[in-house]
Amino acid sequence: MAILQKHGKNSCPDLASIQENPADNIGQAGSQKKWAESSQNWTRPVARIWTVVLLLGTCLLYCARVAMPICAVSMAERFSWSKRETGMVLGSFFWGYCFTQVLGGYVSDRVGGEKVLLLSAAAWGAMTAFTPILAHFCSQPIVSMTISRFLMGLLQGVHYPSLASLCSQKVVESERGFLISTVGSGSYLGTLVIGGVGSLMLDLYGWESVFYVSGLLSVLWAYCMWKYLLKGEGPIITLESLGSAGTQSKLSKRNWLRLFRQPAVCAVIITHLCTASTFFTLLSWLPTFFKDTFPDAKGCVFNVIPWFVAIPSSLFSGCLSDHLISQGFDTASVRKLMQFFSMGVSSVFTLFLCGTTTFPTAVAFVSATMGLTTFSHSGVSVNVQDLAPSCAGALFGVMNTCGAFTGVIMVYFSGYLIEATGSWASVFGLITVVNLLGLGTFLSFAEARRVDIDLAKGRYHSIHI
């Protein structure tokens with residue numbers, strides 16, 4: 001098993017005794033079987049198939065997510081929404097998105113991330129397809145659209161924690177970077193697809209077509225995943241499966257408290273919080289920066305080129321990190337190197353934007369910044385699976401929830417800085433400071449050894465939640 005081989009390198013006597021007497025060390029009846037099942041990794045061909053499927057699923061996730069922003073202007077004209085009402089509809093997605101991160105990871109860790117991904121995709125795909133119907137047949141479209149966007153956030157909030165859980169359970173350590181970075185690039189691909197094709201459909205067939213097509217394609221993806229990858233097995237999630245570790249509940253609480261006292265765990269949470277905050281800020285304010293600084297600039301240029309750069313950059317970071325690990329480099333050092341490019345080198349190009357005077361230079365610096373930012377897919381995003389594969393989904397949910405909340409706060413604070421100082425340099429300086437804070441924390445405390453195992457008592461306990 002890949003996990004045991006990894007710890008074998010550290011010459012841990014407790015793990016050696018596990019291999020000799022697994023039943024004595026694991027403890028309760030049935031735990032040995034559960035551990036064996038959770039350690040069955042995908043073969044490389046199977047992993048490649050899942051990588052493509054999950055990439056497509058993430059692409060469709062963003063197509064459905066960005067459909068509303070793409071159609072917001074047309075819908076506002078159709079239903080006579082004010083700017084404030086439009087903002088309320090768009091912002092309601094965020095609140096739902098925050099609330100299901102930890103829950104999605106919790107359920108995925110217990111029953112399998114693939115089941116949660118399947119059920120959620122079918123649900124948010126159907127919700128997207130029914131959006132025009134809800135808008136036309138509800139007497140108060142502003143109410144129905146606000147509620148539907150909130151529900152979309154709830155349903156899509158489980159996606160990334162489920163991916164983290166699935167990857168930690170099924171993918172060997174030396175191949176996780178490629179899978180996560182490849183699947184993560186689906187977000188950029190989806191943004192490009194819905195921005196290009198969605199805008200075309202909007203002009204030719206009306207805003208309703210954008211929701212119908214993206215929603216039905218998402219439902220079709222969920223069906224194909226169920227039919228061909230899960231072989232038609234029902235994604236049944238029972239209360240028994242969620243509460244199967246009831247006899248270990250007290251141990252679980254102690255282990256979770258011990259987990260959050262680990263410096264490496266605190267480091268990934270703080271670093272992800274900083275990464276998400278700066279990414280949300282750039283994503284939200286860069287279009288305004290270009291419009292203010294270069295009024296004659298074409299939106300199709302600065303809204304597209306950085307994402308075209310981000311896709312191959314994300315794929316390259318995954319290949320590079322997996323190659324370095326397979327060549328024998330220390331896993332923790334590789335994760336730190338990837339995060340250095342993501343938060344350290346990218347901050348250099350962010351600072352260059354303070355003195356930018358030409359549009360092509362600004363586009364180049366922004367493209368470099370966004371491209372290097374994707375290296376975090378092979379850094380902090382996958383490091384959580386190194387630290388706690390038995391509860392990676394729930395732990396990633398905690399990270400993503402913190403990142404989403406602080407991201408919105410930083411977006412609002414950046415707007416305040418722009419109004420107070422009248423300079424974009426203050427925003428780019430803030431982004432750099434936050435990046436360096438997260439990078440310094442990660443370089444100082446990040447590790448790659450498992451911390452969800454209690455070795456102090458000479459026993460092998462995975463954290464069950």
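Residue numbers in this text run from 1 along the chain shown.
Even glycines carry a Cβ here, placed using N, Cα and C.
Lifted from TrEMBL, the feature list:
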type     : residues : note
DOMAIN   : 50-450   : domain 'Major facilitator superfamily (MFS) profile'
TRANSMEM : 49-68    : transmembrane segment
TRANSMEM : 88-107   : transmembrane segment
TRANSMEM : 116-135  : transmembrane segment
TRANSMEM : 147-166  : transmembrane segment
TRANSMEM : 178-198  : transmembrane segment
TRANSMEM : 210-230  : transmembrane segment
TRANSMEM : 264-285  : transmembrane segment
TRANSMEM : 305-325  : transmembrane segment
TRANSMEM : 337-353  : transmembrane segment
TRANSMEM : 392-418  : transmembrane segment
TRANSMEM : 424-445  : transmembrane segment
Best-contacting stretch, by C-beta pairs under 8 Å, relative to the transmembrane segment (178-198) and drawn from 116-135, 147-166, 305-325: 305-325
Same-chain residues at least 6 beyond the ends of the transmembrane segment (88-107) whose Cβ lies under 8 Å from its Cβ atoms: 65, 68-69, 72, 81, 116, 120, 142, 145-147, 149-162, 164-165, 237, 242, 391-398, 400-401, 404-405, 408, 465
Taken over the domain 'Major facilitator superfamily (MFS) profile' (50-450), the model's mean pLDDT: 88
